[in-house]
Amino acid sequence: MSDVELVKKMLRAVLQSSKHGVAMARLQGDYRALTGEMIPFRKFGHDTLESFLRSIPGVVRLERSITGEVMCFAGVCEETAHIAQLVARQKNVKKTGCSKLLNFQMRARTSHLFSHNVKPRLSLRQPSNMTHPGRGSVTSFYSTQRKLYSNDLPSSRAPAWQMNRKSPVPEKTSVVPSKINTNIKTPLKKTSGTAAQQKPVNRADVELVQGRIKQLLQKYSSGVWLSKIPQLYKSMFQEELHIIQEVEKWTHICTVEKPGSNNIVDRLVYPVLEPVPKASPVPVKSPCKQSPNTALLKQPTLTQKTTRTFRTLAINIPQSTPKPQTPLSPTSPNSTMIDFTLSETPKTQSLSPITPPSTPPAHQPLTTELKQKLRQLLNKYSQGLWAHGLPQLFQEAFGCAFPQYVLEDLSLLADTCMVEYPMPDNRKRAILYTLPCQVQTQPRSRPPPLVLPCTSNPHVPPLIIPTADFHSVFVIEINSTNNVVVRFAGGGYSKSLEVMEEEMQNFYNNIGAGLCLLSPKIGQLVAVASSDGAMLRAQVHQLSEDKVKVYFLDHGFFDLVSRKTLFQLRDQFMTLPFQATTCQLAGLEPFSTDPVVLKTLQSLAVGRSLLAEIVEREDTPLVVLYDTSENDDVNVTAMCLKALQDKSMENPLQVNSVYTNVCVTNVCSDGSVYCQLPSRGQAKLKDIMDKIEAHFISQLTWELLVSRPFCGKVCLAKYKGKWARAEIINLHGSHVLDILFLDLGLPASLEVSELREIPPIFLKELITIPPQAIKCLLEDLNVDRAVWPPEAVLWLRETVHNKAPSCMKIVKLDETRTVHIYLFCGNEAQDIHDSVNRQLASCPFWKQDVYANKINKASELFLPDAGEPSGSSPAPSNALTLPPQLNLPLVGQNMDVFVSVACHPGHFVLQPWQDLYKLVVLMGEMVLFYNKQEVTTVDIQKNNVYAAKIDNNWHRVLVKGLLTNGLVSVYELDYGKYELINYTQLQPLIEEFRQLPFQGISAQLADVKKEVWCEEASMVFRNHVEKKPLVAQIESVEEGEWPWERKISVYLVDTTQENKDIWIHNIMKEFLDEISRDA
């Protein structure tokens, strides 16, 4: 913790825990109680602690007390300049200069840790030049990767060799610059994922390879990824495949197919269909639907080895999985293929514990109807579907049972879907994905195009939808929720438009001044001179004697202009796509022209810069808009649905009124309770929900499966066996989400397959009913605590939650319409002294200082022994085992990484880029598990591993220390962040979540040595690496006693730019040299 940023953060936490300040003489002790270390002020170039504190006035404010003692107070932490002023400037700006106001990005939503859209992705391009001579890249080639990155992550381009390649496997020789002479290049070793150097082959070699390829494809008769063929070829024949680029030309041997999905750049290879005996089934027309039994009709040649190939993952497959399983094809490129060569003798072989027998059980083949239904489900759930959810989905969606034996042997689905095991320790948890050739999308209705078709106009490239899930937009006009005109902000969009419009202004004010357009035609593209001198691209829509109605193609509005302002639009100004585009608002389709919705959108969205979450990427994207200009995110869709509610269905609340027949539906951890009051809305809600129950019982719900979850969506979920209204409030990856039962005030976590759409015939009526759960606070118990003691929460739940009708008296309604009440058991208001409030206040566990007890209980654990060094890390005392150590490449080798935290070049945290999707699945499972658990008291011990709830996600953390106010300092073992949380947010980390290695790797930048990093250098470093995928070349590894103590030294390379490698250590060296010259 020698880093100045971490020290500042911990100092601020210590000082904020005391309103009356901390004496400087006591500050070191309080800091050590939190972090286990002293404040290292000498490392930052200060002789005394007071000198260091005075150098950081933004963190510490020093004052002298009446007695003369120096007191330390928390300094004012000023936030960055708010963008609200900029938003206000944009309110009514339409015509000119808009692009200049859009060159910023809206604050990303803090609730999204990672993208929930998980798509296949290639590994990062490896840099063409290494740092040290003789060291080569041995990074494996992963043909598909589940990408998970933060909202502002740039899209990494494909490797440079893929742009003009004929084969998915590269032919590339990496070179290394010498330290003495950069022009001396040495060829590197080839990696397992790249092709070897080209060597001449004769006709006999080609025929031999073709025969072997034919044998390989007989084994994978349902298809195999082209990028996996060299690996499979080597494992079968113990030879390298040097002419993989020729495979596509061997049409008599195989068929190569490009998948229908734009997200997959690999190709599927199928064997050429040969004539089969007459007794065989009807020939399969589509390779994608080929039966796996077809391969059994083809006898292997004598030269073929009996090889069994199994799908598995490389980490700790448990021994309790000897289930029969055949190869799953097409082989998923992100799965590791482990080959076991068996003897051809008939005697029984003892298989590896991780390897199930290859002979499937004698089950009847799956029917075509069942396979088709499964394909329908997987098309509905394009991001994958957990296999364990199939029985319930089949029963509810199709009214039929799903065979249990298929779940025990998923290889039977080889020709129907792809199977992936993201949790290496659990072979029963599999995700099914539709085959690329089977992807089917249902087209949505599109608004009319903004640009009139005109054959005489030159071609202008179409606007590319941003690849990130979140992007800043400027909302220009909303005619309906299905026709929202917006412009994208940032690089490649508003910035490029600004540059082009400046070039247009310079051109038409000089060379192009005489290019006036005397006879415009409808549909013609023109340049229009605005009143302030700007030149804008437009299209002619209507003509009159002296006026022309034009549509401004980059700014999305119509206007009448004089003929004298029209100019010919030159070709050099048609290379940039037109920036105004249309989108549709998700969740508001049934209310597309509702006056209430349009009025709400006018006030919340039109003329403002918002953050757009892209739910569906098409020519007209489906988006959710957020206003992130304030501290709290405002979901525009949710606000529009709220505006549709009929307020007359609410029970009017009045101070000093008594309400009977109250039902307490939820008790939160902060002591707030949700109550249902009798109202007209509650009676109508019960009537509609009864009809919905009958609808689901009488009809199949195939069309009502929720396939596109997003925050703010109102749908249905089951609570205690009955359907209830729910709003999606958070997403954890693509399979797990958080909801809020609107009429219960009860949050829950579940899988997306458990949600259902509201039947259309009930939708509009149901949306108008306000939420029936009212949030209330118990008067006299509003203590200064973010979280109540677990004992108090449990007592309150046992006393009033879902018990006999209660009674409440409202004593106050604050500005936020929060209701302060006295709650009574029974249906009559009694004396206040008999209220639940007073009963709880008199309980022993409420009166005692819970935080002090926690500290006293664990204080002995925080004090080091007499001879123990202050920096040592005692052994964790958890009885459960720790995960295995994360496997790293050898020194000098490369690995694809994602930088989750970057303090400065001396300390940052890496995550393995290829395994991020496993972490997302793990965290989703943790959300499902812990959010369903009751609040329990945990014996918190320093240097132990726990599960912690941080920002609505569950993390694996290491406890570093406790503060006297009940806050706990924890270190996120997968992300490398330090956080302060309430002690009640900690739970034991069960064995199931200890299988995946901790993903956070502490690192420092190689070849850059400096003891103390200035803030300017740290900011430069963060801007280049934080929240970005990079290639790391390992320079050294410093092992530790525990996984979180390991630290590596790496070179970082940014390969996201086209044909350019950016070495981060060179940037930092140049920056340090520049600072030295200035000094």
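Cβ coordinates come from backbone N, Cα and C, glycine included.
Pulled from Swiss-Prot:
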type	residues	note
DOMAIN	3-76	domain 'HTH OST-type 1'
REGION	153-175	region 'Disordered'
DOMAIN	205-270	domain 'HTH OST-type 2'
DOMAIN	366-434	domain 'HTH OST-type 3'
DOMAIN	519-576	domain 'Tudor 1'
DOMAIN	708-765	domain 'Tudor 2'
Paired segments the domain 'Tudor 2' (708-765) and the domain 'HTH OST-type 3' (366-434) in contact, 3+ CB pairs under 8 A: yes
Per-state residue totals over the domain 'Tudor 2' (708-765) - DSSP helix, strand, coil: 9 helix, 30 strand, 19 coil
Stretch-averaged pLDDT - the domain 'Tudor 1' (519-576): 90
Residues in the domain 'HTH OST-type 3' (366-434) grouped by DSSP into helix, strand and remaining coil: 34 helix, 10 strand, 25 coil
Helix, strand and coil residues within the domain 'HTH OST-type 1' (3-76) as assigned by DSSP: 35 helix, 12 strand, 27 coil
